[in-house]
Amino acid sequence: MDKEKNDYDKLFSEITKARHLVAFTGAGISTLAGIKDFRGKDGLYKQPNTEKMFDIDVFYRDPSVYYGMAKEFIYGLEEKQPAIVHTVLADLEKRGILKAVITQNIDLLHQKAGSKNVIEVHGSPSVHYCINCSYTETFEETAKTAKTGEVPRCPKCGSPIKPAITFFGEALPQKALMKAETEASKSDFMLVLGTSLLVYPAAALPAYTLRNGGKIAIVNNQPTQFDSYTDLLFEDLEETFEEIDKRLKKV
């Protein structure tokens with residue numbers, strides 16, 4: 001237990017002395033909020049035909065494939081609440097310690113927790129757009145129709161509405177990716193949280209920090225390719241952030 005306490009003390013020390021702290025988050029922090037991991041053992045991709053859900057060619061042919069599966073998984077997100085990782089990161093930002101959150105997630109829970117500088121490298125459902133014209137609408141506007149399982153359509157031209165999430169077959173949002181690379185390069189300490197670092201190009205972001213002389217800490221329940229680059233390795237996200245939160249409240 002003493003060793004664990006020392007490890008948490010060391011992690012907290014690195015967090016608070018960092019000049020440019022950045023967090024890089026993945027699906028593991030969403031599972032704490034009751035959202036299934038896409039690739040986990042009970043994840044969405046383990047269910048029949050769900051790989052078609054985020055296939056851009058399938059969407060253009062038949063958008064009902066996406067909306068039929070997404071009505072609960074995506075448009076039920078309004079009912080989900082941030083977990084302790086989300087709330088502690090928001091607190092760190094509010095205190096001026098954390099400079100940016102880079103996330104692979106599409107659940108908007110960082111924003112719901114109060115984080116302001118959130119970079120969504122796989123796109124965001126906060127905006128939906130017509131695939132034919134320039135019309136856009138909010139998540140909430142689209143969700144009204146999407147929750148029924150129907151395909152939301154543009155009020156101007158009648159074409160399907162698509163979330164600004166990156167589907168398979170689409171490029172990542174370049175503006176967000178460039179901003180993420182900039183933040184990772186500036187970071188002298190990066191928290192890698194709940195991601196196994198398997199999906200590129202986002203998985204390479206810790207390398208930007210390391211290349212520029214920064215350090216990383218990894219909190220994930222599975223090994224990653226960057227484990228050998230740090231001695232700050234933790235498995236339990238919830239426990240780790242409870243320990244960070246306890247120390248933060250004493251500051």
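Note that Cβ sites are derived from N, Cα and C of the backbone, with glycine treated the same way.
The domain 'Deacetylase sirtuin-type' annotation in Swiss-Prot covers 1-251.
Around Thr195 (NAD(+) binding site), the same-chain residues at least 6 positions away in sequence with a Cβ under 8 Å from its Cβ are Phe24, Thr25, Gly26, Ala27, Gly28, Gln104, Ala203, Asn220, Thr224. Residues annotated as NAD(+) binding site in Swiss-Prot: Ala27, Thr31, Phe38, Arg39, Gln104, Ile106, Asp107, His122, Thr195, Ser196, Asn220, Leu237.
What Swiss-Prot records for Phe38, Ile106, Asp107 is nicotinamide binding site, and it gives sequence analysis as the kind of evidence. Non-local neighbourhood of Asp107 (NAD(+) binding site): Ser30, Ala33, Ile35, Leu77, Lys80, each in the same chain, at least six residues away, with C-beta under 8 Å from its C-beta.
Feature annotation from Swiss-Prot assigns active site, proton acceptor to His122. His122 (active site, proton acceptor) falls outside any helix or strand according to DSSP and counts as coil.
Close to Cys157 (Zn(2+) binding site) in the fold, though at least 6 residues off in sequence, lie Cys130, Asn132, Cys133, Tyr135, each with a CB less than 8 Å from its CB. Marked as Zn(2+) binding site by Swiss-Prot: Cys130, Cys133, Cys154, Cys157.
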List, in sequence order, the residues of the same chain other than Cys130, Cys133, Cys154, Cys157 whose Cβ lies within 8 Å of the centroid of the Cβ atoms of the recorded Zn(2+) site.
Ile131, Asn132, Ser134, Tyr135, Pro155, Lys156, Gly158, Ser159
Determine, to the nearest whole angstrom, how far the Cα atom of Cys154 (Zn(2+) binding site) is from the Cα atom of His122 (active site, proton acceptor).
23
